[in-house]
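**Q** Can you read through this structure? Questions will come right after.
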Amino acid sequence: MFLFTEGGHSIPVVDPLGTAGVFSLMWLVIALPLAGAAVLLLGGRRTDSWGHYLGTAMPIGSFAISVYMLLDLLGRDETERSVSQHLWDWVSVGDFRVGMDLLVDPLTILFLLLITGVGSLIHVYSIGYMSHDPRRRRFFGYLNLFVAAMLMLVMSENYLGLFLGWEGVGLASYLLIGFWQHKPSAAAAAKKAFVINRVGDIGMSLAIAMFFVTFGSTSFTVISQGAGEAGDGALTAIGLLLLLGACGKSAQVPLQAWLLDAMEGPTPVSALIHAATMVTAGVYLITRSNFIFELAPHAQTAVVVVGTVTLLWGAVIGCAKDDIKKALAGSTMSQIGYMVLAAGLGVYGYAFAIFHLLTHGFFKANMFLGAGSVMHGMDDDVDMRHYGALRKAMPVTFATFAMGYLAIIGFPGFSGFWSKDHIIEAALVESPIAGVCALLGAGVTGFYMTRLMLMTFFGEKRWLKDVHPHESPSVMTVPLMVLAALSVLGGVLFIGHWIVDWLSPVVGEAPEHALPIPALALTAITVVVVAAGVAVAWLLFGRRPVPATMPIDVSPVIKAARADLYGDAINEGLVVQPGRVLTSGVVGFDHSGADGLVRGGASVVAGAGQGLRKLQNGFVRSYALSVLSGVLIVIVTLAVVNL
Amino acid sequence: MNDVTPYILLSAILFTIGTVGVLVRRNAIVVFMCVELMLNASNLALVAFAYQHGDLEGQIAAFFVMVVAAAEVVVGLAIIMTIFRTRRSASVDDASLLKY
Amino acid sequence: MSDFPWLTVMLLVPLAGAALVPVVGAALARQVGLVFSLVTLGVGVAVAAQYHASDGMQFTETYDWISAFGVHYALGVDGLGLLMVLLTAVLVPIVIAASWKDADEGEAGYGALDGNGQGGSAGFIAWTLALEALSLAVFLATDVFLFYIVFEATLIPAYFLIGGFGRAGRSAAAVKFLLFQLAGGLVLLGGVIGLYVVSAQQGAPSYLLSDLMSLDIGTTAGRVLFVTFFVAFAIKAPLFPVHTWLADTTEKATPGTSVLLVCVLDKIGTFGMLRFCLGIFPEASQWATPVVIALALVSIVYGALLAIGQDDLLRLIGLTSLSHFGFIVLGIFVFSSQGGTGAVLYMVNHGLGTAALFLLAGYAIKRRGTASIAAMGGQEKLTPVLAGLMLVAGLATLGLPGLSTFVSEFLVIISAFQYHWFVGAVAVTGIVLAAIYVLWMYQRTMTGPTPEALADPALPSSRDVSVREIAAVAPLVAALVFLGFYPTPLLDAANPYIGDLMSHVGVTDAPPDVTAPAAGHAEEAH
């Protein structure tokens, strides 16, 4: 069954089969890490000695089930690759019923493999990375909680369950950013991330409310089948509200400010949550809601604008950061901008958005873990100006990081080359301005990543005293090697357009569109632009020594980039300060206004009492006089009334 | 009907004298006697009206008032005596402790 | 056993406990109090087990009391009543277990911040049980006059609980509480008398709820009487602008008392709106809807902003309830199945979540000897379990999906949105503000560096929660999580009740804009 757009291409609706075979174990994919989290968090210190092994085993188990399900799906006919499982009725009131329903289809299965696969590797890595932390067990508990929530997010068959996972990953992100919560900066960053995400949740909540009002359901199946009959205004509103939610979770402009602060968390967290999986949830949301966005072209335009702005915004920030994790975070923001841009292109872009999401998951997780490995050897120093010449001290980390580097800048043949190139290509056709920006972004990516490489692994040693860089243990380097291999080879998903064909039952088949110039020429242009970026970086940071302290006297552009393009300042000025004034105003009003009325009433009564008690003067004769006057008043009144 | 106007007039005059006495005199004994005067004025009115209506209810009420007045005299005089003993004064204005 | 007077027994058990506790003296008071409250809970569970969700009012007991005025001693339980009764019966043993020796004189505890009133724990527990008995009577009464009597009578134990135990300034808070509630009660009395007049004009007067629901009250009379009932319940709930007793009371009283007040007693307000305002005055309720919804929205935003600006932990938690009661009232007055059921669930879930938050805040305050948020901080390192529980309770307060509060908040928001998109949009800002007040509070109390002076592990601040303290709040936290994923037990009780109420009011749910054709695979799947 299909919906049709005005353009004429078809949008497949969600129409899953019932469970059978391996798919009846679908729930176990979520239940395993959830059980791990429960055991580790409720078990207390008893589980300290073996907790990290249990925590690592759980996502590996989920990964195994996911692989099994993938094999089953591969053997099925294209129209039968969507399977749902009804677990129990969750909320059911009147005619409104929401089940705890799971869905596995070609889109979900890719996410399952990414989350459990990369997740498992990061769990393994964390065994080494967190080995000196007394609260390692709890760290693994939180990681498992995250994996469970992320799986819920991508496996739910309805928007409410998606929202459950959406908030669950937000909670796990909160807990993990603030993992070292004795540091005020970490605690503040955690809260900031959660609160900004909650602003995005306004969009999610209202979108779900609109689903309820418009379709009477939150199920993908029902909504996708009814979307064709809904009004344009409703669809556009839903699209924009979903975009707001996606902006919060995926750190897109204007809700981007939390991601850089989120680097306060331990590095495996940055790799798993703030690079590979959670921050890409917005892209998943838009792709999953293709049946809404395809029918709401205005919302799609907004998605393209947000993605384009963010990809440049993040890239500019990435150029100016000396903190290796923040530079990578800026890069993450930018790369997700690419994905959002692609998702905004509609049926031409969904598959490439997901493709880039997967390859980005590989190479960015690789580089974050590599950065963690560097920090591990440099006594947790994150300032790249204190690095330099680490390629000899950490050969494995260097080699694996280099693979990630080549992948992200789009070196021909590496995974990022395939995924990014197609996004630029599709953007140039569908939305030339965005396409040019994406091309420019690719050049900037080449610049900042080369800068990061040169400052960290090449040049002179700028190490601080008493720092003795050393290679990390193999429990950390093996995951790096696996991820490096994936970064190089991720492009195989594109052999014979496999990923595009694989996703077409979910996102639809793109009609042919003509490129203005030959595809090969476009690829060549992209490579040249990237090479230019790399060359500029080499001229600035490779040929001359890098100062060990940050130069102060720089252009306003660099200053702005160092200040995250004033994102925090804008929030502070537009939201936080007015909010503070409003709050203290309300507190003041409550004290002197609302409660003031009450206290005013009380003092009027008290004052009246003070005045009236003067009448009680103790002179019997004056009491007698008042009795007399009372009697006279009564008599006179009676007389008057009788008249 | 029997004309009782003179009795009522007398009753009113006595009541007024009593009232004014209560208001203007300071000596507790005099105030007390004025109160008695007011009671007796109302007794007179009761009896007069009973006579006018030709039944006994008013007269019975007058007896009740007398009994209550007698009881009141007992209590009231005792209080006045006590006040006089403790304060060496029978002025009602001196006994003004019970105030704000 | 169908004639067994279960409900009367349920009232008598805590009442007997209240009478017995002062007799057995301080040594046994806690144990006796706990046993009696648990027996009450047992009776409550027995009633729930025999309850049939679709049968409306059940376990009815009706005896003439003052036949001249049509007053009866009449009890009964329906879906709403059952949930409220169970909430009350669950919270009281938890409060007793969590407070334990707090009310004793000289106990190094919450009460030690200031001397306690007479009676110590024995007094505290006796008043608590008395309050339980009267609150249960409020939820069970099916005669308006009987309701009014017990409604006012709850103020007596509440007054002594606030005024007797807690921090300095509690007497003034108790007086403020009492005056507010008495003012509301006075207005309600006017309404109750008015009901008698209306009912007497149409034949034999009767205060029975079932008679009043079928009574034909004129439009004007209905509206006037509705206002009297609504004002009383708005003060009780509380709603803006008659909320100012709430913060003072929760700040000065012990956390245990605050639980009883905010989680049980305040529910009488919204309970009354559902049962009496909508039940007896359906027309007037709809007439008043715009104003009520405006007040509810103001309460949501205003309460949340106030909570953000507080420095006293208990005051902050108290004010969050203002925001939450705004949500409950909003759910009631949007007149839809989802809104009504959401409101009923909200009443239960708010009871569980806020009770946990109050009690845990009390634990933290006991350890640090201060309730000032600015003076706390760094507690997580000393007592990780306490911090973890506090976080769960906080997340319940901000309505995180997966915890039961989310289900109810979500139902209220979508039905508010259905009522009018603007109402939904204003209400939804409450979820952002809730995140700010909860997480900012958590950040300032639990996280950050631990003060040097508290590093000594022998200090009370370093003692993590004891077994008794965990046992008291664990049922609440477990219920929050369980009902978040599986709210069906609550829905089974609330749905038929709300369905009956909506058809009594004469409202049907608006259908969705689009009704999708059922497709092939989906049918096979189910």
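Heads up, the Cβ atoms here are built off N, Cα and C, so glycines get one too.
TrEMBL lists these features:
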type	residues	note
DOMAIN	C:141-433	domain 'NADH:quinone oxidoreductase/Mrp antiporter transmembrane'
TRANSMEM	C:6-27	transmembrane segment
TRANSMEM	C:34-53	transmembrane segment
TRANSMEM	C:73-98	transmembrane segment
TRANSMEM	C:145-165	transmembrane segment
TRANSMEM	C:177-197	transmembrane segment
TRANSMEM	C:259-281	transmembrane segment
TRANSMEM	C:287-309	transmembrane segment
TRANSMEM	C:316-337	transmembrane segment
TRANSMEM	C:343-365	transmembrane segment
TRANSMEM	C:385-407	transmembrane segment
TRANSMEM	C:419-440	transmembrane segment
TRANSMEM	C:470-487	transmembrane segment
**Q** Excluding the flanking five residues on each side, which residues at least 6 beyond the ends of the transmembrane segment (C:73-98) place their CB within less than 8 Å of a CB in that stretch?
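**A** For the transmembrane segment (C:73-98), the sequence-distant neighbours (Cβ-Cβ under 8 Å, at least 6 residues beyond its ends) are 7-8, 10-11, 14, 30, 33-34, 37-38, 40-41, 43-45, 47-48, 51, 53, 56-65, 125, 128-129, 132, 135-137, 139-143, 146, 208-209, 255-256, 259-260, 263-264, 267, 271, 274-275, 344, 347-348, 351-352, 355, 359, 362-363, 468-469, 471-473, 475-476, 479, 490, 493-498.
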**Q** Which residues, given as numbers and ranges, are at least 6 beyond the ends of the transmembrane segment (C:6-27) yet have a Cβ under 8 Å from it?
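**A** The answer is 33, 35-37, 39-40, 43-44, 46-47, 50, 59, 61, 75-77, 85, 89, 92, 104, 119-123, 125-127, 129-130, 132-133, 136-137, 140.
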**Q** With the transmembrane segment (C:419-440) as the reference, which stretch in C:145-165, C:177-197, C:259-281, C:287-309, C:385-407 has the largest tally of C-beta pairs below 8 Å?
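**A** Top-ranked stretch among C:145-165, C:177-197, C:259-281, C:287-309, C:385-407: C:287-309.
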**Q** With pairs 6 or more apart in sequence, are the transmembrane segment (C:470-487) and the transmembrane segment (C:259-281) linked by at least 3 Cβ pairs under 8 Å?
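**A** Answer no, regions not in contact.
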**Q** Under 8 Å, at least 3 Cβ pairs, sequence separation 6 or more: does that hold for the transmembrane segment (C:287-309) versus the transmembrane segment (C:259-281)?
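**A** No, the transmembrane segment (C:287-309) does not contact the transmembrane segment (C:259-281).
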**Q** Under 8 Å for C-beta pairs, could you tell me which stretch among C:145-165, C:316-337, C:343-365, C:385-407 has the largest tally with the transmembrane segment (C:259-281)?
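**A** Between the stretches C:145-165, C:316-337, C:343-365, C:385-407, C:343-365 has the largest tally.
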**Q** For the transmembrane segment (C:145-165), give me same-chain residues lying six or more residues beyond its boundaries with a C-beta closer than 8 angstroms to one of its C-beta atoms, as numbers and ranges.
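**A** Answer is 65-66, 69, 71-74, 102-103, 111, 116-119, 123-124, 127-128, 130-131, 134-135, 137-138, 171, 173-175, 177-178, 181-182, 185, 188-189, 192, 207, 249, 252-254, 257, 260-261, 265, 268, 272, 276.
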**Q** What residues elsewhere in the chain lie close to the transmembrane segment (C:316-337), defined as a C-beta under 8 angstroms and at least 6 residues from its ends?
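**A** Cβ under 8 Å, 6 or more out: 234, 237-240, 243, 246-247, 249-251, 258, 262, 266, 269-270, 273-274, 278, 285-286, 288-289, 292-293, 295-304, 306-307, 310, 343, 346-347, 350, 354, 357-358, 361, 373, 397, 408-409, 411-412, 415-416, 418-419, 423, 427, 430, 433-434, 437-438, 441, 495, 498-499, 502, 505, 507, 509-510.
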**Q** Within the same chain, where does the transmembrane segment (C:343-365) have neighbours whose Cβ lies under 8 angstroms from its own Cβ atoms, ignoring anything closer than 6 residues to its ends? I mean 6 or more beyond.
**A** 79-80, 83-84, 87, 91, 94-95, 98-99, 102, 110, 113, 250, 254-256, 258-259, 262-264, 267, 270-271, 274, 313-314, 317, 320-321, 324-325, 327-332, 371, 376, 379, 383, 386, 389-390, 392-394, 396-397, 403-405, 407-409, 411-412, 445-446, 465, 469, 472-473, 476-477, 479-480, 483, 487, 490-491, 494, 497-498
